[in-house]
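These notes concern the structure reproduced below.
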Amino acid sequence: MDLDAITKHSASHAKPDGLILQYGTAGFRTKADRLDHVMFRMGLLAVLRSKQTKSTIGVMVTASHNPEDDNGVKLVDPLGEMLAPSWEEHATHLANAEEQDLARALVAISEEAAVNLHQDAFVVIGRDTRPSSEKLSESVIDGVTVLGGQFHDYGLLTTPQLHYMVCCRNTGGQYGEATIDGYYHKLSTAFVELSKQASCSGDDHRTLKVDCANGIGALKLKEMKHYLPQGLSVQLFNDGTKGKLNHFCGADFVKSHQKPPEGIEMKANERCCSFDGDADRIIYYYCDVDGHFHLIDGDKIATLISSFLKELLLEIGESLTVGVVQTAYANGSSTRYLEEVMKVPVYCTKTGVKHLHHKAQEFDLGVYFEANGHGTVLFSKAAEAKIRQLAKELEDKKGKAAKMLENVIDLFNQATGDAISDMLVIEAILALKGLTIQQWDALYTDLPNRQLKVKVADRQVISTTDAERQVVKPPGLQEAINDLVKKYKLSRAFVRPSGTEDVVRVYAEADSQENADSLAYEVSLAVFQQAGGVGERPQPGF
């Protein structure tokens, strides 16, 4: 390791004085003009991680659903999964090291992680469409090359596409071909094969309007359209030709504001969906004949997919386990429907994709979706082998069901949540089951809910257990919440500290919107009084 060369190169990627950043679930995110040093250093770290794992490592330059002026970076581990927690700590330490301490920090990481510095390293890089992304990705490459790493720059990619590339490169092509053409070919072939089983339906049923958040999803969906059959008509809106990234559009905007994005023309009962800025989240929605907006979030997506998978498994007579993984934010109606109607076991984890992904790996077929629309399905190696074997052996209805399951395996991006992949799965299932978006929405009715934030002096005064559904401290707060919940029908409430700011997040649901609002207000007040609230006291009616 040529520490002098690293120090020299680092001087042209100087760290702003006093800037401290934390590598979180989404990697690093902040204003784009504060990230040059972080990008250079993540190039260095990716090389060390590659040497340590003897694998290709990915670096994605994106800030997902954040405003266009922000940017960020995250590393992708060998099987396309998120960076290991111990290396998140290394990333934070390296990003925050002062200029004169950088060389020492690199040596410390190398020693602590037992990195063989003579091992070859290979890093792949992708970026979104933000104006700052190209220059920042060049800083990553500078970091990779100064440490002697080899690299391939894929240029513009969705985040899930980079995860796919990393997985392909580290599995000897077993997962697929590590090119953009390979990605489109794998997904489109599976979609075409799966859709062949659908009885013909009118064009109206197969038209989908997609809000691309003025992001990378638009470019990649345009490319993919050439691979898709005529039967699926996809109309793109907010495609980046005008309008800013994530500005009044995209999955996060639609979910948080509970209204359609700007820039999309919606007629009654038309099927619409939104991607987020880097195309790893998707949510569906429509307006009814009375003009009312209906949101179909990750909970309902998970319900549609898991019920379809269970039906196919019943058809082939296999006792493979299906599990659905949710967070405490999942609507209570979805949990009840899955457990009581579909008889599918549901498990709750802490908030954050890595927790859901990890839990989903415990099942033969693990379905996970956050309410925000980020999710996928994981198939165990044994389940995948069994399904592929049955697809060859079985005939008639059972054989057809096994082949459909095999196509579903290939259609999901098992490395991470992928808006394009999830969209194709959903469209295939709706066509196969002959469901309209209204019928899908009617599977169950969401309980009214309300989310609020309470400013506190120190968010660390609150600690939780039971997948963030119970407060452990301060003492007495959980008892107060329990007493408030008892006042309302079909109600529940929980509070959890924010991961990024000194606020406590409050979630409440009940049998009516009025009751959900009242419960959320009363719980907020309890938090304010017992957990060191600052500023204005919570008010009824917000």
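Including glycine, each Cβ sits where the backbone N, Cα and C put it.
Ser64 is the residue from Ser55, Ser64, Ser491, Ser498 that Swiss-Prot records in the Mg(2+) site together with Asp276, Asp278, Asp280.
Most other Cβ atoms within 10 A: among the recorded positions Thr62, Ser64, Asn372, that distinction falls to Thr62.
Within 10 Å of Asp278 (Mg(2+) binding site), as judged by C-alpha distances, the recorded positions found are Thr62; the full candidate list was Thr62, Asn372, Arg505. Taking only the Cα positions, the spacing between Pro497 (substrate binding site) and Ser64 (active site, phosphoserine intermediate) is 22 angstrom. Local packing around the Cβ, expressed as the count of other Cβ atoms within 10 angstroms, is greatest for Asp276 among the recorded positions Met1, Asp276, Glu370, Arg505. A strand conformation is recorded for Arg505 (substrate binding site) in the three-state DSSP classification.
Sequence-distant contacts of Gly499 (substrate binding site), defined as residues of its own chain at least six apart whose C-beta falls under 8 angstroms from its C-beta, comprise Gly24, Thr25, Thr351, Gly352. Candidate binding-site residues: Asp278, Asp280. Fewest other C-beta atoms within 10 angstroms, Asp280.
Take the CB of Pro497 (substrate binding site) and look out to 10 A: across all protein chains shown you find 21 other CB atoms.
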